[in-house]
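Undergrad: Swiss-Prot feature annotations, pasted as is:
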REGION    1-190  region 'Enoyl-CoA hydratase'
REGION    306-714  region '3-hydroxyacyl-CoA dehydrogenase'
SITE      Glu118  site 'Important for catalytic activity'
SITE      Glu140  site 'Important for catalytic activity'
Amino acid sequence: MTTTSAFMLNVRLDNVAVVAIDVPGEKVNTLKAEFATQVRAILKQIRENKALQGVVFISAKADNFIAGADINMIGHCQNAQEAETLARQGQQLMAEIQALPVPVIAAIHGACLGGGLEMALACHRRICTDDVKTVLGLPEVQLGLLPGSGGTQRLPRLVGVSTALDMILTGKQLRARQALKAGLVDDVVPQTILLEAAVELAKKERLAQRTLPVRERILAGPLGRALLFRLVRKKTAQKTQGNYPATERIIDVIETGLAQGSSSGYDAEARAFGELAMTPQSQALRAIFFASTEVKKDPGSDAPPGPLNSVGILGGGLMGGGIAWVTACKGGLPVRIKDINTQGINHALKYSWDLLETKVRRRHIKASERDKQLALISGSTDYRGFSHRDLVIEAVFEDLPLKQQMVAEVEQNCAAHTIFASNTSSLPIGDIAANAARPEQVIGLHFFSPVEKMPLVEVIPHASTSAQTIATTVKLAKKQGKTPIVVSDKAGFYVNRILAPYINEAIRMLTEGERVEHIDAALVKFGFPVGPIQLLDEVGIDTGTKIIPVLEAAYGERFSAPANVVASILNDDRKGRKNGRGFYLYGEKGRKSKKQVDPAIYKLIGVQGQSRLSAQQVAERCVMLMLNEAARCFDEKVIRSARDGDIGAVFGIGFPPFLGGPFRYMDALGPGEMVATLQRLAALYGPRYAPCEQLVRMAERREHFWTNGETDQGN
């Protein structure tokens with residue numbers, strides 16, 4: 001059996017070798033271990049051809065250079081030594097590219113990430129296109145790793161240590177102009193002339209190393225370096241709370257290379273890569289990566305999707321404006337907005353204008369592209385322009401009769417095949433569809449706020465929703481750049497259902513006297529991006545608590561909020577950040593004054609505000625209720641799999657990614673430990689902590705939510 005090479009060498013008449021990268025049968029180029037032999041064969045030919053003037057590496061794919069190394073390679077490593085060997089092999093290959101006797105140019109169009117950028121860094125010069133798809137970065141930290149093929153050593157020497165630390169510690173991706181400004185690439189050109197521009201660069205004599213800016217040169221010296229690394233360590237520890245060991249190792253490895261030389265740096269990089277690959281944090285983060293990749297490929301149902309050429313939106317408020325933006329500007333679909341007045345339409349249009357104008361100002365897109373995307377959005381105060389819409393999303397108030405009226409109006413004014421998707425966060429989809437003439441075309445599509453930032457959507461079919469409606473709605477969500485999970489039509493759906501007891505318990509501890517900042521800090525230390533009380537302020541106390549009575553009516557007392565507390569807060573006109581006062585006080589809009597806890601909140605709820613519980617106890621009380629409810633959702637088939645439950649929690653509410661999601665975390669703790677902990681908490685705090693039947697059964701049978709074959713890598 002003949003294997004087609006992913007690297008093809010062509011020597012032009014002008015004696016420039018062009019190496020085209022095209023992984024067979026894949027949409028995206030990724031580096032695999034078996035490619036080393038192919039690359040070395042090409043490098044041997046290049047070294048032996050004394051007439052060559054230069055070499056250009058370029059992708060034959062339409063929209064990516066190299067998107068990174070194949071992460072499955074790490075999953076195949078049985079121990080740290082094997083992972084370290086993998087890194088050393090990558091380092092050696094990059095060193096051989098760098099050692100070529102003629103100028104070597106990386107011609108970059110599309111994603112150049114991870115191992116792809118490390119390969120480009122091994123080239124002597126880099127040139128990239130000005131296309132919006134072109135991004136360069138080292139995102140390994142997001143998988144609990146560090147760049148293992150020389151990236152931690154070459155990048156600081158090319159762009160300076162502070163820029164390199166920022167890129168590697170955050171996984172930040174630079175667009176073309178940003179990369180040029182940083183010194184990461186030497187030129188930016190239109191895609192049409194990329195190859196010729198790279199060839200011309202390859203014909204030139206090797207240029208001297210780029211001179212770093214004065215600031216970077218100062219920071220590269222012993223005194224500047226010592227100060228920089230001290231500050232970076234402090235800032236990173238505050239941000240990660242010690243939950244991400246990769247960040248500490250990245251700092252150590254870069255410092256080693258600068259202080260002791262490249263050889264020591266490469267050695268430290270390989271050892272750190274091997275050790276990090278075996279950490280539970282990296283295994284969990286890689287599992288989330290594979291799970292999200294699988295979800296993005298999941299069509300939602302076995303039926304083929306229906307037509308999806310244009311979309312209507314009912315309501316031009318915050319959610320409607322955000323949905324219009326992701327539909328038109330991410331999905332490329334024409335959008336028609338209907339609102340009861342022109343102010344609503346103008347608000348939605350301004351929402352998109354502001355987001356696009358920010359992109360223009362940051363030079364991410366051109367003004368012409370902004371205008372082209374805005375032209376996809378139009379509006380009216382009636383149903384003109386709706387007759388041919390394939391799908392209509394309602395984003396109106398949480399009022400059942402109003403939403404039922406919207407269904408009737410859409411059925412009357414739109415095509416027979418038009419799907420009605422409700423953005424409700426709490427109302428049953430079956431109730432919204434109760435009077436529909438075509439209930440099979442009614443579905444829930446729950447976005448999270450702010451729509452342009454939150455990656456998750458819940459797709460909620462009711463009992464009569466057709467398979468094609470599900471498939472079409474999932475297809476739309478993907479076009480909008482979202483990660484969709486299909487969940488059952490039960491009160492709270494999935495994300496809000498597991499979030500509610502978590503927030504309720506935080507408020508309950510507040511009534512027991514725990515301080516606001518202590519509760520929030522405890523959950524941030526556990527790994528959440530913000531604490532539960534701050535989250536409620538950010539969402540809006542009125543909005544965030546509206547679902548509590550719905551859940552209490554459906555599931556009983558375990559969802560009841562502490563008596564009268566929420567009412568007292570709302571009656572005092574405290575809505576959170578949106579009106580400047582909630583549990584916290586906020587400075588004037590536009591000012592950088594920090595939020596601070598409002599001392600009056602304690603008097604309002606009748607407590608002194610003196611913390612007694614440890615951070616671990618606070619986190620345990622909140623998180624265990626969330627986990628217990630997630631297990632119930634699994635048992636009741638609210639979610640289709642543990643995979644969907646983990647993705648929903650991580651992408652929807654910021655469950656700590658380094659734990660892999662609630663189900664992977666419960667598997668790590670073990671069902672027996674889960675049950676024992678919940679029983680202990682139930683004895684202390686009441687029956688709301690009683691372990692659910694699913695966990696008790698699993699403890700008896702020693703079962704897990706994830707099977708062994710699903711845990712570490714893509715299937």
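Yeah, the Cβs are placed from backbone N, Cα and C, and that goes for glycine too.
Worth saying up front: this structure is predicted, and the values here are computed from it rather than measured.
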Undergrad: Can you work out the mean pLDDT of the predicted model over the region 'Enoyl-CoA hydratase' (1-190)?
TA: 95
Undergrad: State the Cα to Cα distance, in Å, between Glu118 (site 'Important for catalytic activity') and Glu140 (site 'Important for catalytic activity'), rounded to an integer.
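TA: That separation, Cα to Cα, works out to 11 Å.
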Undergrad: By a simple count, how many Cβ atoms lie within 10 Å of the Cβ of Glu140 (site 'Important for catalytic activity'), its own Cβ left out?
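TA: Around Glu140 (site 'Important for catalytic activity'), other Cβ atoms within 10 Å: 28.
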Undergrad: Around the C-beta of Glu118 (site 'Important for catalytic activity'), how many further C-beta atoms are within 10 angstroms, looking at every protein chain?
TA: 29
